[in-house]
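Accompanying notes for the structure given below.
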Amino acid sequence: KLVTKIHDGEAKSQSYQIAITITEARQLVGENIDPVVIIEIGDEKKQTTVKEGTNSPFYNEYFVFDFIGPQVHLFDKIIKISVMHNKLIGSLLIGSFKVDLGMVYNQPGHQFCDKWALLTDPTNIRTGTKGYLKCDISVAGKGDILQASPKTSDAEEQIEKNLLVPQGFPFERPWARFYVRIFQAEGLPKMNSSIMANVTKAFVGDSKDLVDPFVEVTFAGQMGRTTVKKNCADPVWHEQIIFKEMFPPLCRRVKIQVWDEGSMNDVALATHFIDLKKISNEQDGDKGFLPTFGPAWINLYGSPRNHSLMDDYQELNEGFGEGVSFRGRILIEVAVEILSGGAQESKFSKALKNLKLSKDKTSKGSGKDQTDKAEDGRAHPPSDKTNSIEAEVEPFEVPPEIVPEKYEDFLLFGAFFEATMIDRKIGDKPISFEVSIGNFGNLIDGGSYHGSKKKSSETSEEENAPLLQEGSVDSAHDIAIPSMSTTHPEKPLVTEGNRNYHYLPFEAKKPCVYFMSSWGDQIFRLHWSNMLDRMADSLEESIEEVKELIKVSEEESERKMKAALNYFISQSSAFISEAEKKPKMLNQTTLDQKRLKLCWQELEAMATDAKGLVQQQKKKMSIDELINEAQNFVDKIRFLVDEPQHTIPDVFIWMLSGNKRVAYARISAKDLLYSPSSEQRGKHCGKLQTHFLKLPGRRLTGWTVQGKVDVYLWLGSVKYSNAILDNLPIGYEAETLTKASGTSYPPASLTYQAQHIFQLRAHMYQARGLIAADSTGLSDPFAKVTFLSHCQTTKVISQTLSPTWNQMLLFNNIVLYGDQKEVSESPPLVVVELYDSDAVGKPEYLGSTVATPVVKLVDQEYEPPRLSYHPIFCGHLDGGDLLAVFELLQVPSSGPQDLPPTDPPDVAQTYPVPANIRPVLSTYRVEVLFWGVREMKKVHLLSVDRPQVLIECAGRGVKSCVIQSYKNNPNFNVQVDWFEVELPENELLHPPLSICVVDWRAFGRSTLVGTYTINCLKQFLCKPGELPALAVPDSAVEPEPSELLISSQDPPPDHIYVQVEQPPTVVPDIAQVQTASVALTDIPDSSPMLGPETKPGVPGTGHHILKPSRRSTKRRKRTIADESAENVIDWWSKYYASLKKASKVHAFKYTKTDEVVVTIEDMPKKKKEKIFKKKPKEENTSNLATLKIYDGDLESEFNNFEDWVKTFELCRGKSTEDDHCIDGDRIIGKFKGSFCIYKSPEDPSLEDGGQLRIQQGIPPNHSISVLIRVYIVAAFNLSPADPDGKSDPYIVLTLGKTEIKDRDKYIPKQLNPVFGRSFEIQATFPKETLLTVRIYDHDMIGSDDLIGETKIDLENRFYSKHRAICGLQSQYEIEGYNAWRDTSKPTEILTKLCKDNKLIGPYFRPGEIQVGNQVFSGKTVFTEEDEMVESHEHLALKVLHSWNEIPEGGFKLVPEHIETRPLYHKDKPGMEQGRLQMWVDMFPKDMPQPGPPVDISPRKPKGYELRVIIWNTEDVILEDENIFTGQKSSDIYVKGWLKGVEDDKQETDVHYNSLTGEGNFNWRFLFPFQYLPAEKQLVISKRENIFSLEKTERKIPTELVLQVWDFERLSSDDFLGSLEMNLNGFPRGAKSAKACDLPKSGNLSEENKISIFQQKRVRGWWPFVKAGELTGKVEAELHLVTAEEAEKNPVGKARKEPEPLDKPNRPDTSFSWFLSPFKCLYHLIWRNYKKYIIIAFILIILIVFLVLFIYTLPGAISSRIVGS
């Protein structure tokens, strides 16, 4: 099969936008933490706000990162999300989570939505889960559409079921160790990259290898590196790097880089990636296997091994771009072991450890120190290494079971047949070619191990010795083959007809190359790959053929497809039988066995699928589905083909110009590998292949081919060397070097004696869809045709993208060598290049293609060939198609005059394409509808004022009338015109049709404004006698509209049965209650009918009650849980009901609801209860009218409203690189019109019977004034425009000259603003048809920035038959929140539709409406104030909703809706900058005026006050120990606040010295707050920081936090426990402290939860928790009052007036020693030590008495003596 794409261009840099929403975290580990989330991608880092004192913070913050780079590199980037506990100095990591971008991009919709990321601690993996973080991550490239999925904020969410892991991954992921073992490397470049070393080498003449290699392995954001081996190009490391990561990991690729340590800086030598997906299998059961690899060699590729000081291509070694030469290979092994419990060791690692220990004992000193040094001198105690995630590096012993490899010798033989198209820049020096595998054949590195007999592990002396002595033929031949890896240098000659190309004159003598190399004998890997490759190729070829065939005949293509599948089945069974025969070999690694088994199983599965497809028992499949299935097979096989364990490196062909490497081709070794079995042989083995040589490194745009070589290559084991010449084109004489004793060498050159003269005729007919190269948006194309050493050029056709050259280029006297049969089977290829001719400077390259000529030998009959399309590529861009054919005719001996005749040339001596090759033409008529031009930009600085449209096809055309003043009326006065043109009978060859717009300026000058080319006319062809393409019934234009809409979100529209029978079985007791006029089928599942609007949420049910009766509100209060009783039902109620419904449908695709509705209004109470008991589930689905919320814009749902006219975008200017994406700058305006093409009628009298066909159903295009109402509901995920990561959005609307700026109503600091704004604009069609809605960011200083904009074409909507002017509501009501908005009632709309579609009817009869021949029945009589009123409006509305089921050309009508439009910014084309929910209503002025606009202003939050009384606490843990007595106590107090309003923290007083954990408080907290009942969210407006100018409004769930603390005087207080209650659903309090315990099993069922908003007042006991342990209980009372009630009956905070609480009755022990020290002495000392104190007191008195006694005794005695 011919490959027409010559080169892939550079992997181009794309811009990507990574959007991350951090919603909330739960179950974070830690006490009283202040969590903050930090997101790091690469070097960028962003963080959320800090939340205080909570383990389940709510953030709802949105972050955007922008990246530019090639996809491969971007996808290795890792998103790291960490949750930190914020402290003043330094933060503590709580847990983190990593995922790589590729993983996210491969998810459906390129995103994870509302998933819980599992946080773990990277420093210690034993500690388990650290919490969960709910987030959305999306990665969007240019033009990727993100699916917005509805948010579900559900407290009951099952976190474990919703973890952030890719589809198919288990939710519970154990930790695992990933071992990457690095054995050794060989053949590394010996060059050192540092300049100094080279200088010393030059002076000292040092001959050792100048490379100091080490290996660096990166995985999941961690990196480990081996030691450095000095001066060694074949280093042996024997070290392993161990990573710890959860399994399966969320990072796919392991990056292995070999570096060279330099004195200044390290330089990368080569990079290789191992994709874990390729070395593991995630299926269940025995099929799956863990990642395993090797031990196997990996071949490394990178920059050319030139010995220059500076490497120009260094980035090739870092993994950018395709490596252009071999850079050595490395032997590695990868293994994974799952750790069952934390990081305990398994046997495997224990064995390793023992090995290591024993080794360390022996080499205690040396070994250990070295490894530590390699770790940058970090000596770690082993313990923290084993548990932390950080990569460990350690040496390992090679286990004995690894067998040394057996090596096998391979011979590579090549013959060069042609070398042409050599770029003239390199053509001045002699040119030679070098072929190499690995380092063998590489001249510079001279890597032939055999020549130099360098002993590496491959060959040992003993093995070689006996061979020499035997002296047998092959062994001698084994050893002594000289290596000839380069051809002889030759000077190139200049190509005839094009001096830019040179060629080598090989002519009859073709040079050959050959050399030996030796590699491990795992060749079976390549054999398996080749077998699979063949299967994929043959299947792919068949798919291509089938696609071509489809255009001709359906049955034929289906037969072909089935044949291909049958062949595939037989091939797979052949593979499987081959695999079963295979013995287990020693040289197989585990991965080899597992992969073989995997291929076998996959093929078995695919073959069974294919059998199913062929037999098609289940259902008939369309041919497109078959093709898709087959394509899936191909993709699966291609995935299996890629063998991760390498054996033979790729073959490189280098073109040397004067010994300098200039250009190369790289060929995979498996494609050249010979095997005796044809299945296992490489697809290019022994085949003549054409290779286009390319420049190494970054490719420039434009023509980059440096040369084209035709070469025959053969690679195989030496034992098959007699087969090397088998496939060569016959007719050669081999010329070998010296004939030694009986040894046969491969030939050094081949000489072909026979020569034949040919003539090449290149029939260049036309091209289409070329790239625009001039500023006008067109090109002046010409083609260069190169064949061998000849080149010719066609004429230039100016200013077109679809040139018709109709020119034949003749190449005479072409000499081809070799056998003529060979020539006819594989002729040389023709290369066609297209250029744009410029008056100045050299031509600009537009693309190229390759074609095989059709060969006719002398003895064959001449048959004119058929023109065919050849795809053109410019780099990797699609550059259009070329319609041409090439004939190679052998010139007979009698001379060229006997060749088939050519048509005579014209004056300029150019030959036309002969008539027998040109397509057969017949006359077609092209009718054109000219509607108008729109959005014309300025051209040459002047605005367009008098445009005219020129339509051209195949040289004929028609002009529109000139619009006299574009500003006043951009529509054409004459709407239709036609012309006749000769077009080919074969529809595939139809030429393009071009639309040009010119502008007439002063003095009769005209300028080209812009052009559009329609390349495929098929959509406009219509058979004579049928409606033109536009008025075809919808189904032809777009997919079945009903399917289109249901699939995403809607319940299937009701099917209306013509007569509704009354099934007797269904709830008979209700039937009797019903009025007779209602036919009863069943109670619709979706909603119990309650409340005044007894309407189900099902579109198309008609029934309504005018005055809502008061009595039903009580009942509604219980059913509509979101709407508290006081709430008024407004438009937002409807919006939230619709959102809820949409998310339900997402959850489970709707069960079908029935048609006709039963009211449950006037039934006895008991029966009602019965019904409700039946359906407890739907208790809270409300019965409000709903509207349709589209995920995307309305246009995408209704085929762009192009049912009456098409819009063509006119382009101007050069097409840039990314021509095929949304290129806003090139679009200069739009043309609205349409075409209808059909064969001209034979009988001219039939034509022009008044109206042309294309006019049918087209509205008149005079101007019309319209009232437009634009409703902007909300925007979400806006791109942050301010540096703080927020925006202050406001709306700007523009329509024509009208601009409405809503700047004063900006919403501060909000990325998800709810605008709720409606605007009215008066407009005149067709002058003002494009409505632009822009969202700007309000800035105090400087100009406001545009965030994003969206444009809506109102005209297409206005005139569309889908009736997009005002959506049909789901129910008909006269007043209230769902009042009918449209100016016409449903019956009027129905009447008009029937008239427009020429249907008979509608006939209104009691209980039914007839349209055409279909009867719709339903309720038409209603009771209103006790009298019967007949109204057909409800039933008519129901008919309108199912209009698409009406057989006579029915189509879907636009329902009442909200569309979600993506916002774009011109600086970031194709990247969504946010989404906008909105809708537009249009009312023509000639109709009655519509009612007032719907009020959608955002709901004001309601003021509430929450009164929390803390009565008592019990069982609070005791923290303090008494110094004297060791008795435990706590000084308890309680803190409370509402989450989000942390400024309003309130604390009770302290209950000192609680000895039992009991505390008495009687303390009241008052929390006023603002709340939105429908969204169940608390609204906070506060300034973010001191510098903020405005208050920021945030919505968060309402949660009350109560914490119990231990009061400390000197140090900080101790946290004892906390309680977080979501006020919308919290567990009931226990009746007593004893009954109070931790909630069982995490989540409670709905029934046991209560909402304070319904209960208003609750009292009970609730538990305090700290680190999952129960640490206390609190008795509290919660009382919720509205702000008004709070004003009427105020209460005091704490225990103050009004309504003061009693002082708590605390025991005497409760006091503070600080305040009352005596009390403290009494309680602490006296009570406990009373007796000791008394005894001590008595003792002290006694002692004092004694002392005094002894002290006074001598005096007393002496005085006695003296006195006496």
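Keep in mind that glycine also has a Cβ here, set from the backbone N, Cα and C atoms.
Range 529-563 is the one annotated as coiled coil, of 284-318, 529-563, 774-808, 1194-1228 (source: TrEMBL). The average pLDDT computed over the domain 'C2' (1486-1637) stands at 88.
By the Cβ criterion (distance under 8 Å, sequence gap of 6 or more), the domain 'C2' (1486-1637) is counted as touching the domain 'C2' (155-289), at least 3 such pairs being found. Same-chain residues lying 6+ beyond the ends of the transmembrane segment (1732-1751) with a Cβ under 8 Å from its Cβ atoms: 1725-1726.
Helix first, then strand, then coil: DSSP counts for the domain 'C2' (1-117) stand at 13 helix, 60 strand, 44 coil. Annotation: stretch 1-117 has the most Cβ pairs under 8 Å to the domain 'C2' (1248-1367), among 1-117, 155-289, 742-869.
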